[in-house]
Amino acid sequence: MNCIFLGPPGAGKGTLAFEVSKSYKIPHISTGDLFRAAIKEQTDLGKKVKAVIDSGALVSDDLTIALVKERLERDDTKKGFILDGFPRTIAQADALEDIVKIDSVINFDISDDEVIKRLSGRRVCSSCGQSFHIEFVKPKKEGICDSCSGDLMIRPDDKIEAIQKRLETYRNQTAPLIDYYTKKDLIVNIDARPASEKVLASFKVKFPH
């Protein structure tokens, strides 16, 4: 099962991909993870990627395509994979066609208001990286990490202005992919509003294994 998870930031793509990867035994390939690896190496390229992500904009097609192609060439993708966060543009989708055959494109259906509510409430520990949410996963003590007592912070790309910019970018550049893959009869719509357990159950009904 070679599939793409398509949807705005905050739609729950990463959460569902983790569960599907575990259940179906196929790798979850996130461009976010690929970017973070580049940033961690602190190369000139990694620093450029960090600056772009922090601003809420998108990394260039050429860089993203090269990172994804390299990952898809590994042996663990032979039985299938989940692409999360790629492609984001028609140009990337065209490039992907030259690399691998896609079986299904899962479209996460969710409103912008719900995305803003989810993302603006996220908090991350500045020390250990554990994630919380002011509404859904509250820390025991406001502003303090349950695990290490570190200070909780808002990531630059979780600030409302950055979220709105990311959503605008998504609607302008990525949403056209829905039409692109609809014409290829690959789109499968999933309601991304319910809790993650219900979204997973819906996925398993559509893709029994």
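Just so you know, glycine gets a Cβ as well, placed from its N, Cα and C.
The annotation ATP binding site is assigned in Swiss-Prot to Gly10, Ala11, Gly12, Lys13, Gly14, Thr15, Arg122, Ser131, Phe132, Pro194. Sequence-distant neighbours of Gly10 (ATP binding site): residues of the same chain at least 6 apart with a C-beta under 8 Å from its C-beta are Ile110, Glu114, Val115, Ile116, Arg118, Leu119, Ile163. Under the three-state DSSP scheme, Gly10 (ATP binding site) falls in the coil class.
According to Swiss-Prot, the region 'NMP' annotation covers 30-59. Along the region 'NMP' (30-59), the predicted structure has mean pLDDT 83.
Note on Thr31 (AMP binding site): other Cβ atoms within 10 Å of its Cβ, all shown chains, come to 21. For Thr31, Arg36, Ala57, Leu58, Val59, Gly85, Phe86, Pro87, Arg88, Gln92, Arg155, Arg166, the entry in Swiss-Prot reads AMP binding site, with the evidence type sequence analysis.
If one looks beyond the region 'LID' (121-158) by at least 6 residues along the same chain, the residues whose Cβ comes under 8 Å of a Cβ in the stretch are 53-54, 56, 166. According to Swiss-Prot, the feature region 'LID' maps to 121-158.
The Zn(2+) binding site feature in Swiss-Prot is assigned to Cys125, Cys128, Cys145, Cys148. Cys128 (Zn(2+) binding site) falls outside any helix or strand according to DSSP and counts as coil.
Note: the CA-CA distance between Cys128 (Zn(2+) binding site) and Arg155 (AMP binding site) rounds to 14 Å. Arg155 (AMP binding site) counts 14 other C-beta atoms within 10 Å of its own C-beta, drawing on all protein chains shown. Taking the Cα of Cys148 (Zn(2+) binding site) as the reference point, the closest of the binding-site residues Thr31, Ala57, Val59, Arg88 is Thr31. Here the Cβ of Cys145 (Zn(2+) binding site) has 22 other Cβ atoms within 10 Å, regardless of which shown protein chain they belong to. Neighbours of Arg122 (ATP binding site), defined as other CB atoms within 10 A of its CB across all chains, total 21. Among the binding-site residues Gly12, Gly14, Ala57, Val59, Phe132, the ones whose Cα sits within 10 Å of the Cα of Cys125 (Zn(2+) binding site) are Phe132.
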